């Protein structure tokens, strides 16, 4: 199905082939994942469906052991990979947001390309709807993220630092088979959490304040991304009020998600609740984003997105209020859009 949609797009744009070099996009189509560093790793998909993977010679055996069953062209560091494939293309579709001007010139020289088109949106649209296999992997990543929060909460005590909690979570979760986090784990105490993308440091935990955890893990290349703001003791009334508003905004936004609903309308639901409570200026970001091979991917859950939710999408819902000197609260869940509504894949208590 993936390959068919690429070849259909090639025909639609009257192009000869697609040239894909983003490692995660290559993995999406081939099942082979590699970080080539400065070396070229590229997937060529021709209009007849044939696939050619260019890779360093040192990776050829790994490629052949992967699910990829197309042609493999390995090259030495002393060779120009493009010289090893003799073909001419009139029009080539590329990832326009990723292709460098230098690489474009090399493609023109090697393949005689006369014009370029964009394949980015087609790939984004494909990756936006997850297969059953992808969903199962994301679910497992979410279960492990829940476990991370559990580990972190159990480690809280007066005097512990943000950095110590981060280190404890990332060490202990390895016992569950986790080798990589989706992004740098965030643990922020009290008013330090009023910086939405703050950096954990030596701030010590005090009694009666909130603790914000924002984290995710990678399971078989798929990401989770969740946030919980938990009580340590009894936070003051103002901080609790902020928490209650954020929780209401998140719950009502999630309740509205189902196929056919306009994405911006869900952002509006959360934003209106926060604004009506008097905190609109303290909610400075979109409501959420797509989730899959990357922790942030297509589509944005924002007030400008007029697309509709579709079954198979996985998105985050993460309203927040950040009042300097008072508190920062964000609550985030990973949501699967189902045929009749939605399912929350993250489940740690709120």
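Backbone N, Cα and C define each Cβ position, glycine as well.
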Candidates 202, 225, the one Swiss-Prot lists with 214, 332 as binding Mn(2+) 2
225
Per Swiss-Prot: Mn(2+) 1 is bound by 225, 289, 332, and from 241, 276, 318, 343 the site also lists 318
Residue pair residue 289 (Mn(2+) 1 binding site), residue 225 (Mn(2+) 2 binding site) - Cα distance, angstrom, rounded:
10
Could you name the residues, excluding 225, 289, 318, 332, of the same chain that surround the Mn(2+) 1 site, i.e. Cβ within 8 Å of the Cβ centre of those residues, in sequence order?
226, 227, 288, 291, 316, 317, 333, 334
Quick note, residue 214 (Mn(2+) 2 binding site): same-chain residues at least 6 apart with CB under 8 Å of its CB -> 185, 186, 225, 226, 227, 330, 332
Residues close to Mn(2+) 2 site centre defined by 214, 225, 332, Cβ within 8 Å:
215, 216, 226, 227, 316, 318, 330
